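Asker: Below are the structure tokens for one structure; questions will follow.
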Amino acid sequence: MNRPTSQAINSPVPVFAFWVYLMSDLVLFASLFATYAVLKDNTFGGPSGAQLFNMPLILLATIILLTSSLSAALALQAARLGNQAGTLGWLGLTFFLGAAFLYLEIAEFSKFVGEGHGWQTSGFLTAFFTLVGTHGLHISLGMIWMLLSGVHVLMRGLNRHTALRLGQLVTFWHFLDVVWIFIFTIVYLMGVNQL
Amino acid sequence: MKRYAEIRRRSQTKSYLTGYGLSLLLTLAAYWSAMARPARGWLLLLLLAALAVVQLAVQLRFFLHLGKKSSPQWNALVFSFMAIVVFILVAGSLWIMKNLNYNLMNMPPSATEKTIIKDEGISR
């Protein structure tokens with residue numbers, strides 16, 4: 001506790017600063033959502049969402065992401081209890097579920113592109129690939145971070161530094177879950193129920 | 001003291017599980033609504049939007065711990081500010097772009113005005 005950095009770690013400033021970053025990221029997603037909402041009917045002779053989406057797979061991806069959010073929360077909980085093996089185990093499960101989600105998303109993208117419905121087809125598909133792809137990019141970066149966080153815990157053990165970073169990672173992951181809920185609702189569920 | 005901390009941790013795990021159960025239930029309800037279509041048109045979209053908002057509340061409450069006494073009040077304040085920014089951004093874009101479509105119609109302004117009045121159901 002006498003380390004010079006301990007005061008900085010104890011203060012809620014890094015937690016708050018990270019929250020401010022997340023909120024600015026929310027504005028990025030809001031602009032992409034607005035772009036999607038404006039362009040969603042501009043299919044330019046190409047297929048609409050209702051013709052493209054494979055809904056059971058999207059439901060599966062959603063459940064996988066929700067479960068990964070729970071396992072991330074349980075990893076943090078294990079860290080609070082000082083249970084290093086539990087932390088790494090839950091983190092590993094979260095990573096695995098994130099990879100499964102990403103696999104489903106990439107499979108969906110490559111299927112669309114393979115069928116000739118790439119992002120250059122129409123305004124709708126440009127907005128779709130940008131919005132969903134940006135979320136997927138965040139998931140990928142979150143997984144790299146998760147890997148680094150796991151190595152960090154493995155090397156340094158559970159202390160205030162590793163716990164703080166773990167807390168930020170888990171908050172980031174929950175945030176991506178929230179963004180996905182809106183992609184699920186606005187892009188997919190509303191996409192197959194056009195007015 | 002240690003026992004109290006133990007109970008608190010257990011209740012937190014329970015709160016995570018409750019949040020997970022609720023979010024799964026809401027996801028399945030939203031999926032069922034979109035596929036089985038208990039309502040039509042705007043009513044269905046409104047139902048889906050309502051389910052998403054409840055889901056958002058569940059996620060914020062159970063996983064991001066917003067609005068709890070233990071979490072910093074600043075987080076909730078910044079979140080509220082961002083909610084306003086997001087609303088202006090999304091609603092404003094849609095409002096502007098919808099009217100832009102009218103402005104791109106290939107007809108004289110007087111005819112455009114008549115079309116808007118007819119489309120929007122404005123009575124004078």
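Cβ from N, Cα, C; glycine included.
Pulled from TrEMBL, these are the listed features:
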type	residues	note
DOMAIN	A:16-192	domain 'Heme-copper oxidase subunit III family profile'
TRANSMEM	A:12-37	transmembrane segment
TRANSMEM	A:57-76	transmembrane segment
TRANSMEM	A:88-104	transmembrane segment
TRANSMEM	A:124-148	transmembrane segment
TRANSMEM	A:169-190	transmembrane segment
Asker: Out of A:57-76, A:88-104, A:124-148, which stretch has the largest tally of CB pairs under 8 angstroms to the transmembrane segment (A:12-37)?
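Answerer: If we count Cβ pairs closer than 8 Å to the transmembrane segment (A:12-37), A:124-148 scores highest.
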Asker: Which bits of the chain, at least 6 residues beyond where the transmembrane segment (A:57-76) starts or stops, bring a Cβ under 8 A of a Cβ in it?
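Answerer: Beyond its ends, the transmembrane segment (A:57-76) has Cβ neighbours at 86-87, 89-91, 93-94, 97-98, 100-101, 104-105, 108, 166-167, 169-170, 173-174, 176-177, 180-181, 184, 188.
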Asker: Take the domain 'Heme-copper oxidase subunit III family profile' (A:16-192) and average the pLDDT across it for me.
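Answerer: In the predicted model, the domain 'Heme-copper oxidase subunit III family profile' (A:16-192) has a mean pLDDT of 94.
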